[in-house]
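What follows is one structure encoded as structure tokens, with my remarks underneath.
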């Protein structure tokens, strides 16, 4: 009796040390997992199948899952009619620039706030914390008029630079740099290294996981950013993927098969990245999240 | 190797401790400001300046061209406080937040428990639950607009119903909530999963020795250990949900929804600024919104501080 109880509770417990045999509770949990996963994947699967239908079939009532006639016409039409390649390049340029600038700028600032002294530091830090509450959604109109004044409406600069001052990323790195043992730096100071050298050769390599997390999240946020590019660009040639799909493709009168194909094109790069870098991304979310805790 | 390095370093460090401190302070004064400067430049240009400019514009009757604005005092704020449409829009954002936050928190927790307790194929569950989060908001919005469309939409077809999700006032916001759950739960799910993996095993082992069953272990170990992360998930979700815009406008074809029922605060502000060209009025609403967000964020900080004081 006791033995049975113990085995059951061990099976229910979490940490897999080795491959365990299928127990009833594991079978139930796995089936549940499969069912829930199916619910989560179903909309994407539906989009994929629809993108492989003809426009007429995609609009049929009632709808059906699998195409009766498989055709790539929606995907072909996308390439020939849309500015899709343009949008793709724009998205890539904007996201890569934003990610690079954010990484450099917030690593420097995080370190500066965590480890150096200068006049007015606490006031500036308070200012940065208040910046956590500002986003294009909150201050859209004044931000737009500012960018307009600078003459950056409908330019790459106008899309990129306002995304490059994320207080949250500075805060995450600030928290991390505070945890770096001072002894490491002091040893290098004794050897005659200056601030910048210590920063570049000791602190930055230590911070690689945090920087990866910040980089990955900045890239995702920037690739998927809709609101700011939507406000600051009207020129279809300058639009990013999410923006172009939502405004230009919808304004033709919705062609569902094409719209689904376009959506998959916009989503695919990040999904592929996720499949390859899953471990780092999950660690990154954990890391960023736990820093905010 | 490491030991010898440490023994060599130790006396050296003792000898020059005072010198190091001076060097460090001097270095700091020299370079500290430069580390922060690039970020501050961007921050001032694109956060502080727009904020100040917003305050200024909100006191004028500026239009989109920015010319010929005259100072009108607090008129914009006075108008806003009597603008029923603004209150409605704020109500929609708040209603959305009230619906989404509890649902997402509970769902994320349950998904994390599920993924954490299944021993096989962890990467697969993680991928499936997280993948919607990787889609751009507009793609997720279009996808659910299509799923919810009457007739051609899969949603009604699958469940054998004929609900006018996008065209009836009583369902429209619910459709946006369902879309948001599907699209964003993955992020909170990952936070919970990481927190679950961070709970030390020995707590469970000890509880088991004391004869606690699975339910007791969850109530007395898992849930208390997840309190901090729950606070974070709720705070992030509240702030994000109040700023509802993308998915709502995409699902409603950039309109305000059936009988204006899904027009969010952000959407109304942007309409005032970019469609009616009333930049002054829109700025006033932006400032009001900023205050609301700040109050929510400060309330969280206040709660956290109280809890820390109470807990220790």
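Cβ coordinates come from backbone N, Cα and C, glycine included.
Per TrEMBL, transmembrane segment is recorded for A:27-49 (among others). Long-range Cβ contacts of the transmembrane segment (A:27-49) within its own chain (Cβ-Cβ under 8 Å, at least 6 residues beyond either end) map to 65-67, 260, 263-264.
If you look up TrEMBL, you'll see A:87-111 (among others) marked as transmembrane segment.
Positions annotated as domain 'ABC transmembrane type-1' by TrEMBL: A:88-277.
Residues or ranges marked as transmembrane segment by TrEMBL: A:123-144 (among others).
The transmembrane segment feature in TrEMBL is assigned to A:156-177 (among others).
Feature annotation from TrEMBL assigns transmembrane segment to A:198-221 (among others).
Remote same-chain partners of the transmembrane segment (A:256-277), defined as residues 6 or more beyond its termini with a Cβ less than 8 Å from a stretch Cβ, comprise 44, 47-48, 50-55, 57-59, 73-75, 77-78, 82, 84, 88, 91, 216, 220, 223-224, 241-242, 245, 249-250. According to TrEMBL, the feature transmembrane segment maps to A:256-277 (among others).
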Under 8 angstroms, Cβ to Cβ: which one of A:87-111, A:123-144, A:198-221 has the largest number of such pairs with the transmembrane segment (A:156-177)? A:87-111
Can you work out which residues elsewhere in the same chain, 6+ from the ends of the transmembrane segment (A:123-144), have a Cβ less than 8 Å from its Cβ atoms? 109, 113, 153, 162, 165, 167-168, 170-171, 227-228, 231-232
